[in-house]
Every structure is written in structure tokens, then in C-alpha cells.
Amino acid sequence: MSQSRPDEFKPPPECPVFEPSWEEFRDPYAFINKIRPIAEKTGICKVRPPPGWQPPFACDVDRLHFVPRIQRLNELEAQTRVKLNFLDQIAKFWDLQGCVLKIPHVERKILDLYKLNKLVADEGGFDIVCQDRRWTKIAMHMGFAPGKAVGSHLRGHYEKILYPYNLFQSGANLLVSWTHDSLLPAGHHIDSVTRLHYVTHLSGVTQCILVVDLVVCLVCGSGGDEERLLLCDGCDDSYHTFCLIPPLPDIPKGDWRCPKCLAQECNKPHEAFGFEQAYRDYSLRAFGQMADAFKSDYFNMPVHMVPTELVEKEFWRLVGAIEEDVTVEYGADIASKEFGSGFPIPKGKFKVSPADEKYLKCGWNLNNLAMMNPSVLTHVTADICGMTLPWLYVGMCFSSFCWHIEDHWSYSINYLHWGEPKTWYGAPGFAAEQLEEVMRKLAPELFESQPDLLHQLVTIMNPNTLMAHGVPIYRTNQCAGEFVITFPRAYHSGFNQGFNFAEAVNFCTVDWMPLGRQCVDHYRTLHRYNVFSHDEMVCNMATKADTLDVVLASAVHKDMVAMIQEEQTQREKVKKMGLFHQKEAKYDHLQDDERQCAKCRTTCYLSAVTCPCSPGVLVCLHHIHDLCSCPATNYTLNYRYTLDELFPMMIAVKQRAELYDEWASLVTETLEAKLEKKKGLPVFRSLLAQSESKLFPDNDLLRRLRLVTQDAEKCSSVAQQLLNGKRQTSGKSCSQLTVEELSSFVRQLYNLSCSLPQAPMLKELLNRIEDFQQHSEKVLTDEVPSVAEIQSLLDVSFDFDVELPELPRLRVRLEQARWLEGVQQASAQPATLTLETMRRLIDQGVGLAPHPSVEKAMARLQELLTVSEHWEDKASNLLKARPPHSIETLSAAAEKASGIPAYLSNCLLLKDTIRKAREWLQEAEELQVRTCHDFVEGLSDMVLRGQAIQVHLEPLDRLESLMVEVQEWKESVATTFLPRDSTLTLLEVLCPRCEVENVGSPKRKAKKGKESPKSNKKKTPRLNTLSDVEKALSETRDSTSAVSVVSLQREICKKLEMEAFSNLRAANESKLLPTADCMDLKVCVCQKAPMGAMLQCELCRDAFHSVCVRDPSDSCETQPWLCPQCQRSEKPPLNKVVSLLSSLRRIGVRLPEGDALHYLVERTVNWQHRAQESCNLPELEERPGTPPTLTRWASGSHDTHNNTQVALRLLVTQSSNKLPCSFKLKPAPTSVSICFYFQDGVTGVRETTIGSEKKAKRHLEREGLDAERRVDKKHSHKRQKMNKKRPASTSSSPRSDFSQSDSDEEMAVCPAERCQLPEGDEVDWVQCDGSCNQWFHQVCVGVTAEMAEKEDYICVRCTLNDGQMRK
């Protein structure tokens, strides 16, 4: 949107627009009286008829011819016209001086000579301005920018153009010269050649000059410098150019007037300004064509597309532009009586259709409106064109009607029949004198020559200028089909947007009566004529008193009282002057111009004064001294009515209006009562009821009474609601008032003409509210207000059903106070002031309204949060640092953080870490003092606790390395003892066995299922008997407790273990005895009946199927075979175990596994000693790199063999009990291997003694199986090994598929001649594919594994036999 220029026209506010309903529109006077209280405040208003009210246009267009007025737009505006008049005077002045005026340009703008002349005059004149160097100041006042030397240019133009004119205006250029014959020397006379001139100069010095020249200068008297002598074209006087004031630089080219002739020409009176009549007579159609062409050409667009705003701004720009001369024509004040009204009239030439006949008698028909009964003008006898008869107006673009008020300050109504809009400007009646004063102030020159200029309708002034001087101006755009009403004494003006046709008429209502008399008095001061005689109209109404409306009768009565009082006063004044001649005069029979006062031009009716010396001349009683110079005794008082005749007329009107006057007087008294004299609301209601019962007309007084009563009732209702109501908690009530409104309302209650009982109570309520406001302001100004105090104020406010501006502030302050209280409480308890609490408080504080206390608290809280976050982050970083910081660094940081008044979890954790570190260090120091360490569980716990502490602890490194050594030792022991994929722990392997039941025994399974870990802190019970030991071992759930039990009760443990294994062996051996039905026997891990090849465990003596428990890859060994339940661990050499104990001793840590291992070694050594003593075995020798073995065996008899066998079995049993198969010892050369064979239900037992020492050595000295052999083989793999690598049994006894066992492998012999007796975990065999089907060692017959798999092998014997058979 483009920005408007500073001098661009700004439209005034819009006037009221009324849209009456059909019912309201029915009576125009009633509707105008209804809207008058609103509309008269703006001076003008617009009325839109109801939709459908469209009267036909009845004017005879063909007969309508008119001569329009010519309007030059820049001459209409008052200030512009003053400037133009000034320029005309300047141009005339220089034209008489023989020069042509050329207005100069300064800064590319035409120089405003009027403004320059006025500014220099205001500054004291040309000489003062030059002396004080004020030309720059004047240039700035004229709108020129400083610093461009414009002042010097203005001085030059002023001195050249305006200064001579001002000298002329002041008379300084007039040179007084004359000739006195009486002063001539004696004997001299004047002739045509020689003359004696006495020239009096301005200096007052008189010189006598003898003139001998034909032409001499009247100033200096010299005839010299004839080329510089100027001869006046008016009086033929001559002057030197350099003798003139100011001197002329050159001889003027045109006609020149001397100063005397110049003064005579310029001082001639000006003609009054007025519009010229055009030379052309227009028809309506021709004028319209001319108007549309003008507008279309001017704006260069179709007329209907030009915006009204653009036309309005352009109009006021042209009005104020001196350099632009735009001329338009306006067909104004065309008499409708001659050409016909635009409205249809009865018996008119326009034929009205039946549907339009309603417009003939419609009150809004302007032909009817002025002469309806409610109109006062009906009592004016003469037809007044323009007032009682409508006038027609035909406008074009920019044609205007200037500022004016209607004649006699009457109402006017204008209806736009058709065409483009008409723009109106209006000022209310109360601002009329203010508007006149502003125009006189801004254009005094115009009012000097025309005092009644505003009544001439020839002067306009920009509404923005008037508004700038405080005059209220309103505007509207009147469109076709709309009425515009102007109210009494309301100045109005405007212009037409384009070609249109309007009609206007005046009317007067009852309320106008006092204004009409006031207007006559105003006209008298202006010497302005009256359109009609106001006194005559009042007397005419008084003669019809019986038929007058009571309201009109009352108004006429009041007007007659004032009229008769003034007339009586003036007649008494005339009588005192000595005027005795009186006569009756029928002035109502004379024309108005025949009875006008010769002085004030007032139309006389009641009386006038005449003098015989001046026939036809009369004056009113106010100007009797201006009649003539004759004495007053010669004057004659001419009267229409005597005073005795006027009083009865007044009484008759009074009697007609007496009932109404009595009611009106009572109403007036009631409405104007003050203070305690005010009446209550019931009195007003009774007066209204009386007006309705007496059918008084609806006039201003009744409307005022009704309005006051309605206001009082509304105020009473609102006051009662305010007194009874409570504040709405759900929001602002629609009836809530502000405190200012309540205060205004209370004042309104006391200003009402009616006394209301609620007024004192509301006053008290207002006082309470004001006290509340004062208290609230005090609380709101407190730095830290109390929450309870604010809450109490809010509780009190619920009693006030008023919009209190303090409430939102109090609520905001309450939130602030609660927040501050929360901050204070949180700060008072640093132990609970967490970072989350501070952030939450800050987030809450951010949403609060700004306040110094909140900002201070926020700053402190933010600072505390920043410091706290810093130390929290720092503490967290210190705790997370890798490597950890020393305890000294952490202690210093914790000491600094301890001064922060907040709950800092990381800082507290830092303090707790420091405390734990100190406790740990103290414990570590105590541990170092000890000579030996506790169990590793305590040491491990200490290391774990030390590792959890985020502090650099020097002893921790040593303990960690110690724990690494312990772990390595445990792993070494586990590698030594535990088979691969063993389900037992190291402690379970090293500790004595607590359970030795059968593999398939339900009791054993039940026990195993009941095992659950218990706390190792359970106190070891006292064991007195074997049953107590058994119970303690059964209840023990951890190895540490088991070792404790065993170490405390070693002998009992040994007895318990021996007894358990003895019972188990006895039970297992007893069940293997031959019985009648051996098939019911359940053996082995599969709990099935014995069948095929069976193996017997040397320890528990239980029987097992060979296919269930023996790996086919196992070679035939003579070492005692143990079942999977008894074979719990590997059997490392004793020296390796002793070295492990030594390494543990060097570590210096007590382990449960170490104690168990120590006890196991101790039992092993003890067993060795007992074995040596029982069997007389040689001493055990230690060979480097080999485990301890028996080096020598004594061979004996069979008995000795039997004894030895029994002894070995006992030792094996004892060793099994003591060593749990954990160590490998070298057995005797003779070993017993037991195999069971079951055939046809008969059990057989076979003992095989293998005497080969070498073979026994190969099987008995076998070290632990390799890792590959520890892996469980698949069943298919087992089957392949059995079929391919083992020789088939040659036994003739029938066997099942699973009858082959490891015993078969041990009994098989390679039939090769030079059997190499191969040793090892696996020996590969190959079977002869010839007739013998024997098995050979692959090594013995020179067959590789690949050859055995791909080729058929035939032994030597079968090859030879096959060759002989072929032969």
C-alpha cells in the first residue's frame, strides 16, 4: 500500500446511516424526531429507504432546460481565493507600472508570494528581516530545506516584486507636490513656458524653483536627464526614474502610472465574488453528455470505473492548487415549479401508474414533506421556492456546493433520484460559530469585503483544515435512492462525483421554533434579509389556536411570550423618544421587499417606523436612529397589532396548551430537579402513563422523559445485579463493568434526574472496591508479597461483580509469590534441592511474568544450577576417569563441592566413594600386616570391592595380580584334575565323596535333586558320631563348608567314606551272585538285565554292559576298570600335585581347593606308607620326570599270589576311598580283569591272568587319554571302529551283536610270524579276505590304512593254499 503524501486529503469520519423499517418509514416527522438526538450530533445523516421504495422519476426531461453556473475550482476555497486576490493585486500593480508580473520558481516550485509576503510582515517587515538576517528562517517556514542558500533568493524576489508593492500600500512612494500662486515672487506669473513650482518633498522642506523647462520632474523640479523622465499615462505628470521610491532601474515598456494615479486605481472597491452564469443553455441530455465526457477524459477511464476515493482526493487537490485552473458547471437551484419535480405530484403532467399512486401522498415525497401538518412552514402563507417548494440540482464531476447553513436555520432534506454519488460534509449545529470563526481567522480579507460571505454559497474550505482547528466534520456518500438530512444551523458542503440529478426542500419542526427566532436576531446583526417573517408566521398560528396541536400550541405560546415582551419593550422605548404618531399597517398585504428595514433588511411585521421625509422607507424599532435626521416627533409608528390585541392571542394559545403545559411544566421540573429534590422512579412512570392517557404528542419533552425513565430502569436493574451478583468463576460475565465504568455508572446514577435507592449502596460498593484497589496496589508494589495476603485479596474480589484490572496482576503476582515461596523453601532445605528441582523451578519461573524479585531469584537459582551442574559434571568425570584419580584429588574436589547448598548426587557419590576408598585402604593396610591371608573368597571380595571404587588404590594392583595368580593356579589344577566336559566342580573332585549309592539308585537321584546352594556362612555342626558326619555332609551345599567339615573331622570322614563304600561294594557283589532268575536283575546305567559282555567296576563292584560304558577306541588294558560314577577325575602324577601345592604356598592365599588338595595329598602319602607296610613293597622312588611307581614285585607261590591279590584288592579299595582315583600308581605285574558272560540264563565268571609283563606295562602305565578321546564319539563312529579295527571273536559260544567288549580286544593275538606287539591308544587291524578270515596288525603285515580300506588283503598262508589248490 502506497504511503499518502503529507498534504493528501484524509476523509473525515462517516456520519450516521439509518435504515428505517416500513413502520418507521411511514411517518417521516416521527422518524426524524426519533433519530434527531443521534443525528444532530453530526449535523448530517443519511437515510436509506426500505427495499422496494422506488418512486418513479416524474420530471419532464424534454422541457427541462437550464443555464448552469461556472465554477473555477481554485477560486472556491477561501485560502486559495485570498492568494489569488493577492496575486491579482500584485499583477495589477505591476501592470500599471508598465511591467508584466512573472511569478518566479524556487527549488522547482512556484514561489508562494502571498505566504512570503505574510511571513515577512509577521517578522516585522523587510528592513527588520534584513537587519536580523531572518531569511533562512523564513525559507524554512515556507518548506525549503536549510543549507541551500534559498534565503538569499527569497530576499531578491521579495525586494524586486513585493517590496515596491508594500511601499505603495504604505504610501511611502507618494511624493506631495503642488503649485502655490500666492507664494510666487512679485511681478511673476505662470505661463506655458515659465512656471514656478513649489515642491514639497517628503522631508518637509519647501523649495521655490523657477521652471524654465517644458517638462520637469515633479520631485526634483529639474528637466534634466530627459531620457530618464517618465510621463504618466494617466495624468501626464513627469518623474525621473531615480526620483521614484523605489527608483526604477529602466524605463517601463508599457503604460506607466505615477504613484498618484496608481493609488486611485488600486483603491477602487472590489466586486463581490460570485459564480458566473454559463453562456449556454443545456438540456438534461446535453448536460449529461458534457459531464460524462469531462470525467472520462479527465481520469482517462470510463466514468463508472473511477473510484469515489480518487475523485474526492483529486477534488480537494484541485481546490487548493493555484497553478491549476479547472472549470466545471453546476445546474443548481432550478425551480421545480417551472419544470416539474422529480417526484410525481397530483394533477401533474406525468401520468402515474396505479402501482405508483402511493408515492403521490407519501410523506417522503418532497413536495408533501415541507407542507405536512407537523411542519411549521405550513403556516407561511407565501410559496417560498427552495424552502416550501423543492429545488432541482443537476451536477457533474467536481461541481460543488459550498459551506452554508439553510435559510432561517431550518432543516433540509435532499434526495438523489439517479446518477453518480454526491459527497457530503457536515458540521453539527453547536459548532457553527466555531466554523465561522476559523474561516474568518484563515481568510480575513474575504470577510472584510463580504461580512455575510458564508451565506453567499460561494466559499469552501478543506475539511482537513477545519478539523485541524478543532471543528468536528463528518462525511458521507449519497447514492441514488438515498436521503440526506441536515439539521438546524448545521453547516454542510460537498461536491458531485459525476452526472446526477437531485432534489431538495426545507422543513421545520416544533423543536425548531426557538432557533428560528434566534436566527432572525442573528440576521439582524448581519443585515441579512429574511426569507419570510417569523413574527407573521407565529401570529398566523396564534389566530388558529383552536386547531393547533397541543405541543405546537405550547411552542407557539413560548415564542409569543418572547415576541410580545420584546415588542412591548421596543414600543415603550420609542414612546420615550417622543414618537406619538401611530397608525395601523397591514404589512401582511405587502411584499417582503416592500417592508424591509432600511438598515438591517429585516422583514417588518408587528411594527415599523416611517418618516414623511422618506416615503417608502421604513426601519424596525431597533434601528429608529438610522431612519433620517428628522426629529422623532415627526416619525410615525406603524403597527399590525396593538399590544391589547396580542395578549388575547397569546392567552388563546396558552389555554390550548395549558393542560399540556401543566404536564410539561411538571415534567420539566421533575427532569431538572437537583440533589434531594429528585423524584423517584414511580413518579416518572406516572408521568409517562399520564402522557399516554391524555394522548400527548410525541415531542422532545416526552421522548426525553421516556429516555430518562428507560435509563433509570436499566440503571436500577444493573445496580441491583451488581449488588446481588457474585463474580463469575468461569470467565468474564457479559454484564461485568470495569471500575471506571462502575464509577461512571455511580456518577450517572447521581446525575440522573431520577433518584434510585441503589445509588448509596453502589457508592458504598465502589468505596470497597477502591479500598481493594488501594490494598492491591500496595501488595503489588511489595518486593516479596505474602501468598496468604494475595489469596485473601482474591477471595475478597469474588464479592465484586466488576472487572478489576488488578485481578490478573494479582493472579500473576500470586503465581510469582508461590514460586518465590517454593524457591525459598527449596533453598532452605539444601538436602532436597536436586538439579531436577532447580530445573523445574527455573522452567516454572520462565513462564512467569517479569518482576524484579522473580528475576533476582531466577538469577540466583540459575547461578546455583550452573555451579551445581558444573560440579556434578566434574564429579561424574572424576568418577568416570580412566585411569581413576587419586584419593587426594577427589578429596580436594569434594571439599570444594561441599559448600554448594544443593543435593548433588554425583558429589555425594564422590564423597561416598572417598569414604569407601578410605575404608578399603584401611582394610588393605590391616591385611598387609597379617602374615597369611584368609580364604580367597574374602580376598576376592576385597578386590571386587576395590575395583568398584572409582579411586586409584595402590594396594589394589597388588591384590589384582595376586588374584590373577590364584585364578591361574585354579585353572592349572582344574586342567590337571578335571576331565574334558566334566560336570563336576574342582572342589567336588578333590573333596571326599558324600554320596556313593548305585548309579541307578532312586535314592541317589532323589538326593541329587534335593541339592540347592546354601550360604557358606552356615556354622559347621559338631560331629560326635558317624551318623552326625553323614548328616552334616548331606546338608552341606558348598565346598568350603565341606572342606571345613572334613578338615575338622578327618577321621570321622574317613570312617564314613570307608563304611559307605564297603556297604556299596557288598551290596553290588551280593546282587551279582547266581540266582534262579537272573533276568530280574537291573544293572548298568541303563537299568536293564545283564546280557552279553559285562564289565565290573573295581571300586563299587557294580556291573555294566560293555556297550553302554566302554569306548570302542579303548585298547585292552590291564589297569583296573572304574565305572563312570567312580571315575570322577584324571590321575596326575603326585610330584605335579606337590608342585601345585608349593606354588599355592608361594602365592600365600588360602583356597578351599588348596585345603582340599593338601588333604588329598596327605591321604595319598599315608596310603602309600600303609601299602608299603602291608605288602612289604620296596620304597617308592622318585624318578625324574615320572610319577612315583613300584619298582620291584616279589614273585611267589599261588598262595602268595592269592594273598597278594587279596592285598591288592584291599589296597585298591582303600586307595579308591582315599584317593578317589585321582593319582596314578604303578600296579603289580599281575592284574585282574573280570568279565561276565551271560548265555542261556547261566552266569559265568572268568578270570584272565595276563602274564606278559610288557603288555601289562603297556596297559597299566597308560597316561590320560588325549583330548580327542575325551570327546564323546557318535554311535555310528563306534560301530565303524568295532567292525573295522577289532578282530572278530573266535569263541564258539553264540553271542549277541553287543557281546564284544574291550576284553575281546585284549585277548586277540596277531597270527603274524613276527608280531611287533604294537602299543598305543589305537592299534589298526586288518582282516584277511582269504579263507582264514584272521586279523593281523597292519604294522606287522606292512599294510597302510589306505590300502586296508581300498584293497583286499590276503595273508601269506591263504595265498600259498590257493596256489596249491589250482595246481
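Backbone N, Cα and C atoms are what each Cβ position is placed from, and that goes for glycine too.
What TrEMBL says about this one:
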| type | residues | note |
| --- | --- | --- |
| DOMAIN | 14-55 | domain 'JmjN' |
| DOMAIN | 81-171 | domain 'ARID' |
| DOMAIN | 216-262 | domain 'Zinc finger PHD-type' |
| DOMAIN | 358-524 | domain 'JmjC' |
| REGION | 1002-1022 | region 'Disordered' |
| DOMAIN | 1083-1127 | domain 'Zinc finger PHD-type' |
| REGION | 1178-1199 | region 'Disordered' |
| REGION | 1249-1304 | region 'Disordered' |
| COMPBIAS | 1260-1271 | compositional bias 'Basic and acidic residues' |
| COMPBIAS | 1272-1287 | compositional bias 'Basic residues' |
| COMPBIAS | 1289-1301 | compositional bias 'Low complexity' |
| DOMAIN | 1309-1359 | domain 'Zinc finger PHD-type' |
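Helix, strand and coil content of the domain 'Zinc finger PHD-type' (1083-1127), in residues and according to DSSP, is 4 helix, 10 strand, 31 coil.
The average pLDDT the prediction assigns to the domain 'ARID' (81-171) is 76. Contact between the domain 'JmjC' (358-524) and the domain 'Zinc finger PHD-type' (1083-1127) is not supported: fewer than 3 Cβ pairs lie under 8 Å, counting only residues 6 or more apart in sequence.
Helix, strand and coil counts from DSSP across the domain 'JmjN' (14-55) read 16 helix, 7 strand, 19 coil. Secondary structure of the domain 'Zinc finger PHD-type' (1309-1359) per DSSP (helix as H, G, I; strand as E, B; remaining residues coil): 14 helix, 6 strand, 31 coil.
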